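Below is one structure; the comments refer to it alone.
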Amino acid sequence: MDKAGVSPSSKPVTQTDIDMDGLDLKLGELEAELVEMNANNDKLQRTYNELIEYKLVLLKAGEFFSSALSSATAQQREIESHQVGEESLDTPLLADQEISTDSSKQVKLGFLTGLVPKEKSLAFERIIFRATRGNVFIRQSAIEVPVIDPISGEKIEKNVFVVFYSGERAKTKILKICEAFGANRYPFTEDLGKQNQIIDEVSGKVSELKTTIDAGLLHRSNLLQTIGDQFVQWNSLVRKEKSIYHTLNMLSLDVTKKCLVAEGWSPVFASKQIQEALQRAAFDSSSQVGAIFQVLHTKESPPTYFRTNIFTTAFQEIVDAYGVARYQEANPGVYTIVTFPFLFAVMFGDWGHGICLLLTTLVFIIRENKLSGQKLGDITEMTFGGRYVILLMALFSIYTGLIYNEFFSVPFELFGHSAYACRDLSCRDATTDGLIKVGPTYPFGVDPVWHGTRSELPFLNSLKMKMSILLGVAQMNLGIILSFFNAVYFRNGLNIWFQFIPQMIFLNSLFGYLSLLIIVKWATGSQADLYHVMIYMFLSPTDELGENQLFAGQKMVQQVLLLLALVSVPWMLLPKPFLMKKQHEDRHLGQSYTPLQSTEESLQVEVNHDSHGHEEFEFSEVFVHQLIHTIEFVLGAVSNTASYLRLWALSLAHSELSSVFYEKVLLLAWAMRLQVVPLYNGAKLDTISMELGVVIRDGGGSFLVSAARKVSGILEVEMAEAMAMIFGLQVALEHGVVMVTLETDPQLQFQALVGQFLCRFPFYQLVDYILHLVSLAFSLVRGNGNQVTRHMG
């Protein structure tokens with residue numbers, strides 16, 4: 001149906017009295033009919049394509065012979081006229097002798113005609129020439145349009161060929177070469193009269209076959225359309241029947257073999273829905289015996305099931321890709337809704353890029369009803385499935401971008417000017433010396449004064465690296481805390497005392513302490529090197545800290561924390577396996593009795609959760625499992641903390657790439673020196689038509705760009721100042737001329753335009769403002785001290 005271009009009908013399904021047996025017979029008949037029709041159509045189509053090729057051979061080869069006949073006739077006439085002009089007594093005798101000699105030596109030439117693929121024609125000609133040692137004469141003519149090959153059924157560009165040969169051996173070789181090259185051969189006669197007659201016959205057969213093929217295709221299309229009208233109904237019937245038998249295969253007969261019994265797992269909230277469905281099925285089937293639904297109690301661990309919706313499905317799939325929580329354990333997917341997009345935003349911190357990502361995601365969300373029913377590509381379908389994940393990623397990216405104060409790598413003075421200033425120009429590139437605080441600390445985000453200075457990269461690197469460590473340690477602590485709640489829920493005291501507590505001690509004795517040092521250093525402004533503090537905490541715990549001391553008693557605190565970290569490792573490894581062995585022995589000796597789902601059974605389920613409650617206990621397996629778990633945690637605490645530094649690394653890479661693109665691509669394209677020429681004088685006109693003439697000097701050439709703007713009303717200096725405020729300009733009145741000065745620093749100009757637009761610009765002037773923004777972007781100047789003066793009269 002797809003090949004014929006017939007799609008299933010979208011008409012509503014109508015119930016008919018057809019069962020699977022009747023459908024099977026009907027589909028068999030339709031299949032046999034379609035197979036026969038397709039076979040007949042293939043035969044007719046092949047014959048039709050052969051006749052088309054034969055007709056082309058007759059036309060093209062006929063041109064060869066007609067042109068050759070015309071040339072031979074003209075040559076014969078020329079010879080006869082020459083002989084008549086030089087007639088003598090000896091000529092007839094010599095002519096008769098020559099003719100008789102030539103006729104005795106004449107050899108009969110044969111020829112073959114057909115079509116060969118155009119791409120193989122050159123090789124075809126060379127092979128024939130070499131195989132016959134040059135005793136052939138070949139002519140070829142290209143066909144203007146591709147023809148359908150009768151054998152392959154594909155459109156191929158071909159050439160008509162005529163091969164003249166001498167001898168049967170040459171003919172045999174040529175036939176084999178034609179077969180090897182896929183050349184189709186067709187008979188041809190030298191008689192021009194018969195050629196025209198054959199062409200007429202072939203043309204008639206082509207017309208008849210065309211009519212027959214069209215009628216067959218129409219009949220097949222009608223049959224397929226009939227099938228398409230009922231395809232949806234038949235498909236639904238087959239699916240229902242298949243589902244019924246698939247469900248029956250999971251049922252088993254009871255002892256009396258009179259009813260079927262099914263066992264399975266279902267969510268608690270769905271029990272009422274299942275009962276209603278069973279009652280409805282019994283009523284619809286008019287069954288005298290209703291279905292019985294009974295809840296069974298078992299020691300087997302139920303499978304994990306989390307209820308999700310269109311918003312949480314993608315987050316849950318991300319968590320399940322790494323591991324599925326056991327039954328009744330805390331679902332980490334709830335926390336992933338915030339942590340996953342936020343950690344992405346730490347790497348993607350740019351509120352300009354975040355806005356672009358947000359707009360793209362909103363398109364998917366607004367059109368989700370339409371797109372959900374369409375077949376999308378692999379990448380588009382994956383993006384559409386995670387549209388709400390990307391939405392939160394975009395929102396958090398805008399938030400972190402405001403913290404980093406980056407808009408496509410350009411900083412903004414969103415909360416006024418910087419809190420710091422230089423005493424003089426000599427401290428412009430200084431780190432801290434020479435700076436004075438002229439205002440309150442920036443209330444939110446990074447102070448824009450850091451951008452563009454020598455200390456920008458060290459400062460932001462330090463900030464992002466330490467922030468990544470804080471986030472990583474916080475998330476690892478969250479995971480350990482979740483294990484505590486799981487242990488409390490299952491009343492598993494061993495996991496609390498010999499897993500949760502030593503893990504918290506080990507992690508926070510090292511990396512929690514590092515996080516505390518970072519916060520203390522930020523709060524106190526200390527110059528201590530945290531690298532040396534952590535390294536010598538292990539190598540030389542008894543040495544004096546010197547300038548790396550951040551608080552009193554730091555040396556003693558580090559020694560205690562190091563001792564706790566060392567003690568926590570055997571604490572995690574040794575007690576739990578031996579206590580589990582003792583509990584197992586007590587349970588089997590009858591010395592301890594515990595209720596169902598107690599601590600011991602939950603421990604047994606933890607060790608052998610795949611055994612569905614079997615009482616087997618192997619101490620060696622439990623000890624090895626605990627050893628692996630301990631090693632993984634100790635090494636994972638170090639490696640995971642280092643892995644969180646990727647947040648800093650990727651954030652740095654994203655920021656630097658954005659900055660390089662902005663400075664080396666955009667600004668270099670816009671870097672031009674500008675000079676503005678005044679056209680009008682006077683600061684007050686009733687109605688003015690203002691034209692700005694801009695002479696742009698670039699190298700040795702110059703050209704004039706003029707822009708015309710009409711303003712209705714009275715233009716005064718105050719109005720010019722208001723307009724300049726909108727566009728981030730500076731205004732001064734000199735000798736009756738309104739002088740509007742534009743700083744040519746591209747970053748300042750870009751900030752002014754975008755900032756004014758976001759803060760105060762009316763929406764109805766959006767189009768005009770964007771046009772002005774684009775035109776102004778091409779006049780940005782890179783460098784210090786360069787200014788552009790605009791004269792408005």
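Keep in mind that glycine also has a Cβ here, set from the backbone N, Cα and C atoms.
Just so you know, TrEMBL annotations are computer predictions that nobody has curated.
For reference, TrEMBL has these:
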type: COILED; residues: 20-54; note: coiled coil
type: TRANSMEM; residues: 342-366; note: transmembrane segment
type: TRANSMEM; residues: 387-404; note: transmembrane segment
type: TRANSMEM; residues: 467-488; note: transmembrane segment
type: TRANSMEM; residues: 500-524; note: transmembrane segment
type: TRANSMEM; residues: 556-574; note: transmembrane segment
type: DOMAIN; residues: 691-778; note: domain 'RNase H type-1'
For the transmembrane segment (500-524), distant same-chain residues with Cβ under 8 A (at least six beyond the ends): 466, 469-470, 472-474, 476-477, 480, 483-484, 487, 530, 533-534, 550-551, 557-558, 561-562, 564-565, 567-569, 571-572, 633-634, 637, 641
Average model confidence [pLDDT] within the domain 'RNase H type-1' (691-778): 40
Positions on the same chain near the coiled coil (20-54), where near means CB under 8 A and six or more residues out: 115, 147-151, 153, 158, 184, 186, 202, 205-206, 209-210, 212-213, 216-217, 219-220, 223-224, 227, 234, 237-238, 241
